[in-house]
Amino acid sequence: MERKTVLVIADLGGCPPHMFYKSAAEKYNLVSFIPRPFAITASHAALIEKYSVAVIKDKDYFKSLADFEHPDSIYWAHEDHNKPEEEVVEQIVKVAEMFGADAITTNNELFIAPMAKACERLGLRGAGVQAAENARDKNKMRDAFNKAGVKSIKNKRVTTLEDFRAALEEIGTPLILKPTYLASSIGVTLITDTETAEDEFNRVNDYLKSINVPKAVTFEAPFIAEEFLQGEYGDWYQTEGYSDYISIEGIMADGEYFPIAIHDKTPQIGFTETSHITPSILDEEAKKKIVEAAKKANEGLGLQNCATHTEIKLMKNREPGLIESAARFAGWNMIPNIKKVFGLDMAQLLLDVLCFGKDADLPDGLLDQEPYYVADCHLYPQHFKQNGQIPETAEDLVIEAIDIPDGLLKGDTEIVSFSAAAPGTSVDLTLFEAFNSIAAFELKGSNSQDVAESIRQIQQHAKLTAKYVLPV
């Protein structure tokens, strides 16, 4: 069979480049379009070059030789991308037509809506224009969820301080204030005290002005205020060590939801995730409830052909509470870990769906559990504050070393990989925690509880050597 051509809108996020490009290129010819060259790391650029038959970069972002250089790491691209949505759509269409693309995909949350519009114009399978907008704008998302037969929660659009005051009056506390257009829990804030609520709103609103997003990202209101979803851990798990929420990965094919795998989590720092354990140890009844909720949510958004990453709160009486869902792959190493544990290559499966619809080899339910577990974990400054190594008043630190002492792992759990910020790395402790991962590690073991306890031990006992900047 002749290899089909897939246009990849290359940017940050989703399935990591170290898996995506090799997996995709094994079956498809890849054309990579880079709308934000400044958002590509050196290793990402090398993989794009290695596995693409052609690479197109937006020429408007090359003003000097320095613009051809790529940094070693990026969490969030802070340079401006000032092209409106329609111009981005036209760029995608032009490149797709130039190479006769049979499908278009991206791993980046911020280009989901322009890509959907380009797919529609070209007659290619995609998420669907309205569905993509529903999945990108969290106000529209919550409206769709509330109509989809899942737990309905109070919510209100927020643009101004007056809107926030009205939301606070209507919803009460605890209340979640969430940016409608971002990802990675950036800016998500729990409001519990009415006395300080307005100060919190102003703080988050001011901070978000410093976070650049492409001009093509559109929304009706910058915030959504929602009632807090209260978890009930003991109704779902029979052992300690996990969190009261999970994520479930799936695929939409011609408007039908296909669940793939559920990830357990370890306790968060605020709303910042700390680790994902693949697969989940939840019992079959619990998994069935989660799958039913995810199906209603994603089909309720109207999604047609795309990957889905759905986050669900585990509430009282085993009621799933929809947090949000994205029309893209999960980030971190969750997609590679599904392949490690189950042998399913979701990167290839998505492209199969985009090219062939339901003729792709889709699973008929959650993948069966294999005899081992893989955990994808990060360490943040807050872990070292909690274990007393970073002074609570510190505003900055310069890392000298991060080490994991011997004797922390439980059962047959082993460290597969470990990486830490390089010596001399400066960390601004005033940033949202999600920006400040300072170490990452992967664990593997035959017992999920041993893996979870090993994570907890590492969080409590990892050794940080650093210099601190304290307020005068």
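Every residue number used here counts from 1 along the chain in the order it is shown.
Backbone N, Cα and C atoms are what each Cβ position is placed from, and that goes for glycine too.
The model shown is predicted, which means the values in this text are computed figures rather than measured ones.
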Using only what Swiss-Prot says about Mg(2+) 1 binding by Glu109, Glu324, identify which of Leu30, Leu182, Leu397 is listed for that site too.
Leu182
Could you look at Glu256, Glu273, Glu370, Glu392 and say which one Swiss-Prot places alongside His309, Thr310, Glu311, Arg328, Phe329, Ala330, Gly331 in the substrate site?
Glu273
Have a look at the binding-site residues Glu226, Gln268, His309, Ala330, Gly331 and say which one has the shortest Cα distance to Glu324 (Mg(2+) 1 binding site).
His309
I want the residues beyond Glu273, His309, Thr310, Glu311, Arg328, Phe329, Ala330, Gly331 whose C-beta is within 8 angstroms of the mean position of the substrate site's C-beta atoms, in chain order.
Gly14, Ser247, Glu249, Ala326, Met334
Within a 10 Å radius around the Cβ, which one of these binding-site residues has the most neighbouring Cβ atoms: Phe228, Phe329?
Phe329
Around Gln268 (ATP binding site), how many other CB atoms lie within 10 A of its CB?
15
C-alpha spacing of Leu182 (Mg(2+) 1 binding site) relative to Lys138 (ATP binding site), in angstrom:
9
Which of Lys138, His309, Arg328 (the binding-site residues) has the most other Cβ atoms within 10 Å?
Arg328
